[in-house]
Amino acid sequence: MAMLLQVALPLLAAVSWGWELNENDDSLAKIIEGCEWTSRQNVISEILLDRYRKYAMYNFFLLDDVCAVHEWNKNLKEPEFSENNEAEDKSPTSAQNTQEHIPGNNFPPPAASNPPVNSSCAKSAKDFFICLSNQLGDPTLNAMLLDNLEVACDPRFSPVSAIQKRNSKYVSKQKFYSWGGKRNNPNVFYPWGGKRNTGRVHRQPKVVIRNPFHAWGGKRNQKDDNVF
């Protein structure tokens with residue numbers, strides 16, 4: 001199965017490259033003809049390799065449980081250390097399992113580092129990802145897969161999270177507008193997003209100072225007939 005994959009996939013990539021080369025004959029032909037023979041081989045290899053990576057990534061994302069690979073990779077980056085794990089690490093059996101496999105050593109290699117059998121490569125997305133990593137060893141392909149997994153499976157990149165960020169239930173009312181002006185009613189909303197129905201209890205009553213002049217300029221007369 002592995003030999004069939006290694007032979008069939010490059011052939012498919014070469015056939016697709018040939019079809020696209022006929023369609024885009026002018027652009028690719030100018031690039032290839034302007035190079036020397038060794039450089040020409042490198043250009044063709046880069047084009048085939050890029051299309052093979054896209055083909056492998058397309059088939060990988062056809063699987064149903066691709067987000068399980070994202071969770072598995074995230075747990076590998078952020079291991080959880082607990083008292084039970086520390087106790088297991090101190091035990092002689094765990095020390096024996098974590099020992100590196102050296103030729104001539106009596107201890108078998110760890111089971112987690114063993115690549116899955118070819119028959120199990122298509123059982124799950126995790127096994128398929130491990131098969132691609134072990135058989136191809138292409139760090140660029142692995143980075144492409146992990147980056148696209150983060151965009152597809154991480155809730156921070158989902159459109160639902162963008163809608164929630166704009167909801168007043170999740171975001172408190174800002175005191176300033178985006179253009180820099182200050183809002184007139186900064187206390188209309190609670191910090192958790194709810195709207196205030198009444199004013200604050202501790203707010204002092206508004207004191208109105210009477211203007212001694214009318215709007216038209218004349219002086220006001222008080223009840224005791226004192227003229228200002």
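Cβ atoms are placed via backbone N, Cα and C, with glycine included.
Remember, predicted model here, so these are calculated numbers, not experimental data.
Checking G18, G34, G193 against Swiss-Prot for the annotation glycine amide singles out G193. When other Cβ atoms within 10 Å of the Cβ of G217 (glycine amide) are tallied across all protein chains shown, the result is 6.
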